[in-house]
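The annotation domain 'Band 3 cytoplasmic' is assigned in TrEMBL to 1-255. Summarising the annotation, TrEMBL assigns region 'Disordered' to 106-133, 257-304. As annotated by TrEMBL, domain 'Bicarbonate transporter-like transmembrane' applies to 310-851. The feature transmembrane segment is assigned by TrEMBL to 341-361, 373-402, 422-440, 452-470, 563-581, 601-619, 639-667, 688-713, 749-768, 775-793, 821-838.
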Amino acid sequence: RWIKFEEKVEDGGERWSPPHVPALPLHSLFQLRTCLQKGTMLLDLDATSFKEIIDKALSGQPEEAELQPALRERLAALLLLQPQHQPTKSLLQLLAELGLSPCRGRKPGCPTRHPPAASSPGQSEPRTQISKTPLKEQLRNRFKKKVLPGAEAAHVAVGEVEFLEKPFAAFVRLRCAVSLGSLAEVSLPSRFLFILLGPPKAKAYHEVGRAMATLLTDELFQRVARWAEHREDLIAGIEAFLDELIVLPPGKWDPSARIPPPSHLPSPRRRTAVDPLDHQPPGNGNMTAAGDRATAGHPHSGEELERTGRLFGGLLRDIRRKAPWYGSDFSDALHPQCLSAVLYIYLATVTNAITFGGMLGDATANMQGVLESFLGTAFAGFVFCLFSGQPLTILSSTGPVLVFERLLFSFSQDHSLDYLEFRLWIGLWVAFFGVVLVATEASHLVRYFTRFTEEGFCALISLIFIYDSLKKMLSLADAFPINWQYRLDNVTSYSCTCNLRRLFNLILTCLTPLHHPPLPSIHHPDETSTNLTPCHFAGLSRTQCLGRGGHLLGTSCQYVPDVTLISFLLFGGTFLFCTALKRFRSSRYFPVGVRKLVSDFAVILAILASCAVDAVLGLETPKLLVPSELKPTNPARGWIVFPFGANTWWVCLVSAVPAVLVTILIFMDQQITAVILNRREYKLQKGAGFHLDLLCVSLLMVVTSVTGLPWYVSATVISLAHMESLRKESATSAPGEHPEFLGIREQRLTGLAVFILMGVSIFMAPVLKHIPMPVLYGVFLHMGVTALNSIQLTDRVRLLLMPAKHQPDLAYLRHVPLRRVHLFTVIQLLCLALLWVLKSTMAAIIFPVMV
């Protein structure tokens, strides 16, 4: 059987072989051409049953090859016998048969089973004729799941019969596809039929039949066969197939080897048209510029970034483009995959909010802290997902914004300015400048962002995620240090004592063994009778000791080695588990439905598994702590920032200067992320909304500035993770064929659900406190690595380390000199290193300009 690739029933007759590329003898194609030239050919035949087709095929022979009536009857009787198919069975069915059948495993006394003979009816067991209606086995056959909707069946019947003296060949095309009862393995309408029967002739007919089946699965020959009007049209189709044929020399490969299906197949359009890339001079390196801009995923060819020449013209066009899709933005989210995306992105956003909230609190004396970060993320993200042009974007605090907040707070302290009021005016100016940029259609400048800029920015943000996750884990070694000088032989000298400086400066020694014999009473020289009970009866814990004003003394007081160790194991285990389960989709184990489900919920399963390991071990690993009260982190501030009162009047005018820098920062950060998310390779159907997105971010600046909440822009890595978690693939694929990427599940509901959960996280603190922070840092690492692997820069960096003979067969390596590729990569890496150094210094404020 063939669905794109060939499958054979193995010698035992029990299972189908793996799908493979059919390898045909060249001579079989020449023989097939001869059969079509000399045999019976019926095009656009009107018939409704298989018996009618056979009768017309046998009676429509050329006069010189016409069969005797008796031979025609025997041939018709042979062809109308019910074929014996090998149904595709589930594992449960096979196990049931194995248990029920008494003659499995070649037990003594059991008859030997032979495959049915393919010669004359007299040599095979008596069989019934083909039924006019499909059999139960056909309707229940699980193989039908592999057949694409709208597919038709073609039948190839070849074999040897002793009563024929010369071959009989017929090619039939029905005018309308009809169901031929129980002929096919699964019940499908049929249009084509090829018959080749003749006297015994070693394997020749079988190979001609394979050649015919291979031709009928070729998309270009299918068109020829469907629209051919004469015999010559089919012969011309075979000639075109032979023109594309590539011959393997017989002594250089094993003909019995099965060639596995390739991961990608050329499209029929590319086969019919001459590919200009294959005829390009090999030394032309300048073609990459045009090629990159045409295929890097920019929406340059669309109308999203074309100027209208009218105020707010681009914004109005965005609204008109997105409005028809608004209803489907909610209905398209009714899929289990969206649930896994919500949980995955929610945990990533929570971790990000806590991380940036803590750093904002340190930078601004808690004027903005974790609670403000939670509320701001929930509010801004919810509003953006509800009204934006690209709702798959996730808003978050970013590194450059954090740097600006730190510099702004320091400047306010040094010049005795009220920080929140000063920040309010900057935010209002930024919102004004943003609206001006939207009105003047400044987003059309995005068309000049090339792959060079996109990859540099995406690589930087991905490396920041990887660096921060590793940095957070290494900081655990400071909070829970490991005793590197520990020696087993010195275990008797390790102790920890609580020194309480009370009236008599007593020292309570904490003895670890609980079954130590009672200590004698301790007599203090200045006290007549001071008796102290040993610590295993009345010992003070570390918390009690510190709470009573004491301090710890000893060689083992500060070391908690097991916490750091298990934290790193949870961190690495979560990352590896996420990666392995994401790749499970392409695994060979379990049915495709199970693989897809596991892959969709990969991150959630990894988090649950790591949390279960942590709970079983019961160690005091650092946990996720979210605010449990709705009150400002700094009690000195309120929820509303007033524009006047604390600072002099001219501050509202001066704040326009730093607002220009923030506007550039917001514009670059927002639009580069938008360009990356709207690449062509994601196959988005609902269009982009660059102007509408920028307007939403600008207006949100007003609200977050008035309420003293952090500022938000698109988060590149989390948004990419959101996109990747919503990938759609074809539900049915031929055996051996990789599922086709259909695009992204574009909708608003996952983002809205994520930010609603963010808002109610304050009330979920008792549940969230069981999630270890190392597990979430492992998810951060997975997101950073996934985003880094999604860009071409990573592949080109690997090429720097590979000898030429081991380099993969990439398209740009065929047409661009390798030294030019390496030069391009090195320049990109130098710019990336410059950006990294820049963002690590106080000059990070000009980071967007340097991008």
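Glycine is treated like the rest: Cβ placed from N, Cα and C.
Annotations in TrEMBL come from automatic prediction, not curation.
Taking residue pairs at least 6 apart in sequence, the transmembrane segment (373-402) and the transmembrane segment (775-793) share fewer than three C-beta contacts under 8 angstroms. Here the transmembrane segment (749-768) has long-range neighbours at 329-330, 333, 338, 341-342, 345-346, 349-350, 353, 371, 374-375, 377-379, 381-382, 384-386, 391-394, 624-630, 722, 726, meaning same-chain residues at least 6 beyond its ends whose C-beta is under 8 angstroms from one of its own. The transmembrane segment (422-440) makes contact with the transmembrane segment (639-667), as judged by at least three Cβ pairs under 8 Å among residues 6 or more apart in sequence. The transmembrane segment (821-838) shares more Cβ pairs under 8 Å with 452-470 than with any other stretch in the list 341-361, 452-470, 563-581, 601-619, 639-667. The stretches the transmembrane segment (688-713) and the transmembrane segment (373-402) meet in space: the count of Cβ pairs below 8 angstroms, excluding pairs fewer than 6 apart in sequence, reaches at least three. Panel annotation: around the transmembrane segment (452-470), residues 296, 355, 399, 571, 672, 675-676, 716-717, 720, 777-778, 780-781, 783-785, 787-788, 790-794, 824, 828, 831-832, 835-836, 839, 851 of the same chain, lying at least six beyond its termini, place a Cβ under 8 Å from a Cβ of the stretch.
Taking the domain 'Band 3 cytoplasmic' (1-255) as a whole, pLDDT averages 79 in the prediction.
In summary, the transmembrane segment (601-619) lies against the transmembrane segment (341-361): three or more C-beta pairs, each 6 or more positions apart in sequence, are under 8 Å. Among residues of the same chain six or more beyond the transmembrane segment (373-402), those with a C-beta under 8 A of the stretch's C-beta atoms are 318, 321-322, 329, 345, 349, 352-354, 356-357, 359-360, 363, 464, 626-627, 665, 669, 673-674, 677-678, 687-693, 696-697, 700, 703-704, 707, 709-715, 718-719, 722-723, 726, 744, 746-748, 751-752, 754-756, 758-759, 761-762, 839, 844-845, 847-848.
Tertiary proximity for the transmembrane segment (639-667) is limited to same-chain residues at least six positions away from its ends with a CB under 8 Å from its CB atoms, namely 400-401, 404, 408, 417-418, 420-430, 433-434, 437, 442, 632, 694, 697-698, 701, 705-708, 711, 713, 845-849.
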